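Annotated in TrEMBL:
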- 12-25: compositional bias 'Basic and acidic residues' (COMPBIAS)
- 84-292: domain 'Cation efflux protein transmembrane' (DOMAIN)
- 296-371: domain 'Cation efflux protein cytoplasmic' (DOMAIN)
- 1-25: region 'Disordered' (REGION)
- 84-104: transmembrane segment (TRANSMEM)
- 116-134: transmembrane segment (TRANSMEM)
- 154-173: transmembrane segment (TRANSMEM)
- 188-206: transmembrane segment (TRANSMEM)
- 234-257: transmembrane segment (TRANSMEM)
- 263-284: transmembrane segment (TRANSMEM)
Amino acid sequence: PEPSAPRRVRMAQRDGEEKRHLLEEPGDRSYMSVSEKNFHNSMLKYVPDASSIELGLPGNQHCHSSRAAGSHYDAEKQRARRKLYIASVICLVFMTGEVVGGYLSHSLAIMTDAAHLLTDFASMMISLFSLWMASRPATKTMNFGWHRAEILGALLSVLSIWVVTGVLVYLAVERLLSNNYEIEGDTMLITSACAVAVNIIMGVTLHQSGHGHSHHGHSHHGPSKQRNTSVRAAFIHVVGDLLQSVGVLVASYIIYFKPEYKYVDPICTFLFSILVLATTLTILRDVVLVLMEGTPKGVDFNNVKEILLSINGVKALHSLHIWALTVSHPVLSVHIAINENADAQTILKEASSQLQGAFNFHTTTIQIENYSEDMRDCRECQSPSD
């Protein structure tokens, strides 16, 4: 029999009291007791009129079990911080040495190299700060977390070297026009040789291999091979500085044996500054792609669509969005329309499994709904253009 009105009110009040703790509980604590967790983690049954369904996993696991504390993502950030710390110390020590060497030799090329080391050091400090920000837990305001701090740090790093390089190019042109300078070839030669060696050491410290591998039964393929953006930006800086150091070394040999060719010093500064700017373009491209919510490198939109449509029982899909929180954290959301007699839970499990296996998404949000003929003519349900 239908409950009376007072009884329905009491039932609603009791249900509200039971759920009140979900709103009041701090974000870093679990919302469920142990017994409730076991129930939540078990396979959930499909409700036909539900707009979305959570994937249940066997063995008392839940959807975040693959990213528990000490996971691949945290270990990757820790390795990035360690590399940046070591490279920063090396950079700071030798930058001081180059300033002294450049002053004693009166070489603008050496001072240019020292300025680039200063830029490298500043960019590494920005990168370390952004990695620290990215490791902070999500809040109700910043509910995606602080991963984009890494992208912003890389952007500032790139822009800083553009500004410094522009100033140095101006000084090189001014020196060519004035011709009022003298260079100590022997001091310049020793300093530039040391610069090459130090830049090689820093490059080896920051170098990252891009191989795929596996830990604890889950693979790291697809976008997971993308290198940490901050470390990659610092590595690009060091590569550019190494190129300039080699050029300065060549120029110092020429000036040492032929002092009358002192104009090689500003010319070397000018040419290698252009190369340094060119090396930052790939970093800038990746940063812009993330900030513009573009499809991440390593994830093909059509391939994702084909994988989902190939699942038995899937009739259509729409609202497929693929973006990235940072280069190594691709994210996906999609609506899947299924046949009326299809098992939504099975389809959801299959879709999640295939997407993770092929692309290793950081987060996937899949909404299951029954197929409707109206979807064919709905503008919002059409795939985006190429």
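Yeah, the Cβs are placed from backbone N, Cα and C, and that goes for glycine too.
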Positions whose Cβ lies under 8 angstroms from the transmembrane segment (234-257), at least six residues beyond its ends: 84, 87, 107, 109-110, 112-113, 116-117, 119-120, 123-124, 127, 157, 161, 183, 185-186, 188-189, 191-193, 195-196, 199-200, 202-203, 206-208, 264-265, 267-269, 271-273, 275-276, 279-280, 282-283
For the domain 'Cation efflux protein cytoplasmic' (296-371), the DSSP residue counts stand at 25 helix, 28 strand, 23 coil
Could you give the residue numbers and ranges of same-chain residues that sit at least 6 residues beyond the transmembrane segment (116-134) on either side and whose C-beta is under 8 angstroms from one of its C-beta atoms? 77, 80-81, 84-85, 87-88, 91-92, 94-95, 98, 145-154, 156-157, 160-161, 164-165, 168, 202, 230-231, 233-234, 237-238, 240-241, 244, 276, 326
On the 0 to 100 scale, where does the mean pLDDT of the domain 'Cation efflux protein cytoplasmic' (296-371) fall? 92
